Amino acid sequence: METFCIETLASDTYGKALNVDLDRLSQAQIKYTLQELISYCSALTILHYDYSTLAARLSVYQLHQSTASSFSKAVRLQAAQSCSRLSPQFVDVVYKYKAIFDSYIDYNRDYKLSLLGIETMKNSYLLKNKDGVIMERPQDAYMRVAIMIYGMGKVVNIKMILLTYDLLSQHIITHASPTMFNAGTKKPQLSSCFLLNVNDNLENLYDMVKTAGIISGGGGGIGLCLSGIRAKNSFISGSGLRSNGIQNYIMLQNASQCYANQGGLRPGAYAVYLELWHQDIFTFLEMPRLKGQMAEQRLNAPNLKYGLWVPDLFMEILEDQIHNRGDGRWYLFSPDQAPNLHKVFDLERSQHENAHREFKKLYYQYVAEKRYTGVTTAKEIIKAWFKTVIQVGNPYIGFKDAINRKSNLSHVGTITNSNLCIEVTIPCWEGDKAEQGVCNLAAVNLAAFIRENGYDYRGLIEASGNVTENLDNIIDNGYYPTEATRRSNMRHRPIGIGVFGLADVFASLKIKFGSPEAIAMDEAIHAALYYGAMRRSIELAKEKGSHPSFPGSAASKGLLQPDLWVRCGDLIPSWEERVAQTTQGVLTRKSWRQLRLAAIQGVRNGYLTALMPTATSSNSTGKNECFEPFTSNLYTRRTLSGEFIVLNKYLIDDLKEINLWTEAIQLQLLNAGGSIQHILDIPAEIRDRYKTSREMNQKILTKHAAARNPFVSQSMSLNYYFYEPELSQVLTVLVLGWKKGLTTGSYYCHFSPGAGTQKKIIRNSEKACNADCEACLL
């Protein structure tokens, strides 16, 4: 008699084993019984994280009962469907090498997924038939992605297919969501991020609505620059009429986003960007709001994300106004009367009259010529921005000049906007030989390199190199929705390697966020990430050639990403010694010197690193998001897959070591909403290490960002967390970040309670109480 025993799936230290006689149940009853057990175990997660592990394994078991037992069979069943998404070429490769793939794939690795991970895979990544029935297992999806990367070209590279499968299935790396759910299909749009620049003519305005919709339908997130659109009531010489400005156009894109969801798997996602000198800036800042005059009149567009492209000049004027050194006067323009302000930037931040400050020069030239259409103050703009941030958490802030002056591709053109999450910064333009920016993303699991004797920087370097090669192949194998996206990606070959699990690293090694050791390690980890990517990109250039826009790039002159920071005065030259010390000699001055010399000969990719939010990737692997601290030690995570209790297992393990994980502590943790700061029975040293993102001084997040940013080719999705919506606190970190040379000022500003947060009741089946829940914003 077959008996299903929970004790064989996970240790149950708090309850007795539950045995179910499967022979006496129908398939429907088995499914129902398993689902009951999964829900029951999930509700008990507050007692111990092993219950969540148990629920995850039950969920995997349930999936395995309804899916094919071999990879080739899963592909065959999908290919036989009348509306199969799989490409014939992919199916042919699988059939040809099915003996290798079937024998290599390890379905037991599915049981390593967290509950949040397996449910995310089921709902977002695993291919389904037309009736919504899941047709593959997580391991099948990983193999599908690996074959897409290394099996769809002229040569089927079995060795790299199996290596990539191992890296994915062992959760050492993750690829972006579009890659996961489009790999191997007839229309494999594998890229995550697209950047569009909207021109000020009717044809292009509507072209960009169409282009954005097509991209969104394939799973891509979109960033649009609106700074070139003439302001409201501007004269249109061709028709003799007046312009509607950006408001109606934003509403049009808002409607398009709602319609063109990402392949039916998640809502469409657009971000619109505007520079602060634009006459319509106050309209722009009000459009995201859920309350206010525009919202009441339904003239808002709350489904979009918003971003500000902020020049140094504005920050200088704002700082002077804050400290009563100036009146804060800020001039507003319409781009038809004051052209090209969004196409120039300040190469230097110096106040010297001979400094290379093209934006400042042109701005004041237009002021002198009285081309401005309005006058306000820097404070008024910031107050309007903050009023919106309190409601919805954005607009984001990107520091325009820092982004451009520290770009390896600054010779290509001015970067006018970013993407959905403000970590991708690729030049884009419309018109003759238009280029629409594209970036392919992946992330490395930093926790995978924790060792008993410290941290494995060599392993991280190697993994970063492997991801670099993966992403470079994706550029060649992917589908492009427009010729302008293909042209841009082939010319610059940008990739964006991010990270997740930094908080897991610090917790495992008992290092406190904000400590000198943590900041040094943050710097060293991202130095290793960048080094590994650059080294492999140089090797690929020797084999396949450099990206076409390599001549004139910073790398072609022997300048690495941190060198651009040194040149700007935002990084001291002794950084190499510091990294050498932290990595214990893995990366030395000689390492970087050799890398510079090699880069001059050629680099395959124009960009290498970009630190994205990694919400879904982190969910699927059970690690903390990107480079962030823990948002709470106990909360409910709301995703497209449902709601899941998340318990900080590192805290539990530390408390168990000193016999403090008791029912009394559990209740206090619940009542405190996941905080341990006022649980005085817990030693101060542990309380200090497990401060959540809201509980630590936000300057700590800025200092960490400043440590890692010199090794980021593009930018980062930098969040801040505040208890109260106080403008002075937010301005403190924004100004500090700007002075430290950060490329991103802010992604989301979270307030408690505020945008993206809620109170959620969690407890076992008998009792419940409140705890904070950090909802996924992507």
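Counting begins at 1 with the first residue displayed.
Glycine too: its Cβ is placed from the backbone N, Cα and C atoms.
Take the candidates Cys439, Cys568, Cys626, Cys749; Swiss-Prot pairs Cys193 in a disulfide bond with Cys439. Ser177 is the only one of Ser177, Ser237, Ser239, Ser591 that Swiss-Prot places in the substrate site (with Ser192, Cys193, Gly221, Asn419, Leu420, Cys421, Ile422, Glu423, Pro613, Thr614, Ala615, Thr616, Ser617). In this structure the alpha carbons, written CA, of Cys439 (site 'Important for hydrogen atom transfer') and Cys193 (site 'Important for hydrogen atom transfer') are 5 Å apart.
Within the set of recorded positions (Asp200, Glu423), the lowest number of other Cβ atoms found within 10 Å of a Cβ is recorded at Asp200. In this structure, the recorded positions under consideration are Cys421, Cys439, and the one with the smallest number of other Cβ atoms within 10 Å of its Cβ is Cys439.
Note: the CA-CA distance between Asn419 (active site, proton acceptor) and Cys193 (site 'Important for hydrogen atom transfer') rounds to 6 Å. In the structure shown, across all protein chains, Asn419 is the one of the recorded positions Cys193, Arg230, Asn419 with the greatest number of other Cβ atoms within 10 Å.
The shortest Cα-Cα distance from Cys193 (site 'Important for hydrogen atom transfer') to any of the recorded positions (Asp200, Arg230, Glu423) is found for Glu423.
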